[in-house]
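Participant: Below is a structure I'd like to ask you about.
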Amino acid sequence: MDGDASGVEGDNCDWNSEDEREIDDFSLSSSSSLTPPNEETVTGSGEASSSAGSSNSKLFDKFIGMGFTEKMVAKAIQENGEDNTDSILNTLLTYSTLETSPQEQQHIDSDNYSLDCDGSFMDGFSDVDSWSDNEEITNTVFDEDNKLSSLMSMGYTRDEASIAMERCGLNASLVELTDFICAAQISKVEDAHLPVEEKPRPKLPCIVSAKLKKRKQYDYEIWKRKKQALLDDDETIRLPNPMIGFGVPNESHPTIHRTLPEAAIGPPYFYYENVALAPKGVWTTISRFLYDVEPEFVDSKYFCASARKRGYVHNLPIQNRFPLLPLPPHTIHEALPLTRKWWPSWDERTKLNCLQTCIGSAKLTERIRKALEDYDSEPPLRVQKYVLDECRKWNLVWVGRNKVAPLEPDEVEMLLGFPRNHTRGGGISRTDRYKSLGNSFQVDTVAYHLSVLKDMFPGGINLLSLFSGIGGAEVALHRLGIPLKNVVSVEISEVNRNIVRSWWEQTNQKGNLIDLADVQQLNGDRLEQLMNSFGGFDLVVGGSPCNNLAGSNRHHRDGLEGKESALFYDYFRILDLVKNWSNVS
DNA sequence: CCGAACATGAAGTTCTGA
DNA sequence: TCAGAACTTCATGTTCGG
């Protein structure tokens, strides 16, 4: 039954490298990558499949990813135990050597194939059943023509798109197709990098051979290094150091020019934000979807007293930016002058770490107080290190003798550039305030990037704000003095919607605020109706959920395919609709 | 039922010294 | 150049009290 599939798959080496399989494994392991609007039920299965994270299954996946069959891996782990990775690998290499039939060996020879094309490779596709199971529940937003044109609009050739659609099947989601094409491109580059003498495979005897085993291990090492090099060069976007993006205020640097890809040029302008330290490959995918615009990585510590490492993908001009005034405090002491009195000399922090959604517990601050109270002067280095580690981890500040405490919500508001009491009142709990603030923009940073719009839209702008949260973008534009004409704000949390609505009324906005709860309800019809009523959007802002990308998430750091973070694809979907509307009108 | 408190690492990057 | 230490991180699940 899978014989046909294997036969077909085996024909074209370019499309079947380890890289591809690994990327496929990644995209297939979570079922719904492009979740269709109004069909939430799909996510359930993805959640179940993505939550498997035991060391056992990771080890298992690792060897599957190398191209060994499930059966072989299970047997090898059983024989060697989970702990001894080397022994498992050794056993697997022996198995695969034993299982490679003479015909297959011949196949290897004639195809100039590396590791991938032996028996284990063929078996690797024998669990195609689970693949199709996933496919069945993966609904897609795009029909065939739309997929083709979407892929082409992302810069892929018609051939690449067609082949990917043929290979992945008609039900494949857009992200699977792009992953497929990307993998093929990587493997082509990899082939091109192969030294000539390595490409032809030596004639192999059809017996169990230590040489073959050694060779295979050697090939694997070579492959691993090459892949890493390729990932470093082509796949992984390097974070800049210092993380100042295309420039920050008061930083002397040469004027940077950038040329946007044709497809990225507005209208509308768009501005997308997420955590900079996302799992590998996430920013590559985000950038690829957002018209190949290079992300701008900025740490907000260059704007205020706390760090916030974020990536921004936008098509805004980058010349003549200006900061919000007054400039916010740049050090902890400036921001929190009352702490200076209690700050010990051995705590050399001048900036806070990233403001998160949770705060340190009272018990922790009590433990720290107890650890310090035994010493009249400076505590020993061991205690200093313990205290400093915890202070950095939980952003604790000194509020008394031997006494540290987490930041108060209004202090977080101030550090993030929001008006005092922005999140206060209206039935919101203290915990929810921290949560909403921890998930929001740093206003000064975002405002600096958006400042170029002020001269371009003196009469005000129409804003589409997706995943608005507590309205960071709205606040930034308002503080820049850019009038808000029509704002469509989409935010799932009711308390956050209330905060934005309340801010809107308190700041006497003249424009029109439309708030929606669910981004997936914003379909083509609704969007077109909105855009027809006031003439389209000038700016589409959004920071999609980072839950599955953030390092703090122990449980479900599933990458861009995670339950919440996959909403990025809704940002792309909606942005694309807005762009198309603008281009037609 | 809700809110508060608490415990729970790993993945990735950057730094550092040989 | 590179291995290993050091550092950072828009969080989630469970429990408990009101």
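Note that Cβ sites are derived from N, Cα and C of the backbone, with glycine treated the same way.
Okay, these came from TrEMBL:
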REGION    A:1-55  region 'Disordered'
COMPBIAS  A:16-25  compositional bias 'Acidic residues'
COMPBIAS  A:44-55  compositional bias 'Low complexity'
DOMAIN    A:54-95  domain 'UBA'
DOMAIN    A:141-175  domain 'UBA'
DOMAIN    A:256-585  domain 'SAM-dependent MTase DRM-type'
ACT_SITE  A:Cys546  active site
Participant: Report the same-chain neighbours of the residue listed as 'active site': residues 6+ apart in sequence with Cβ closer than 8 Å to its Cβ, ordered by sequence.
Facilitator: A:Asn274, A:Val275, A:Ala278, A:Asn439, A:Ser565
Participant: In this predicted model, what is the average pLDDT of the domain 'SAM-dependent MTase DRM-type' (A:256-585)?
Facilitator: 95
Participant: Which of the three DSSP-derived classes (helix, strand, coil) applies to the residue listed as 'active site'?
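Facilitator: Note: the residue listed as 'active site' is coil by DSSP, not helix or strand.
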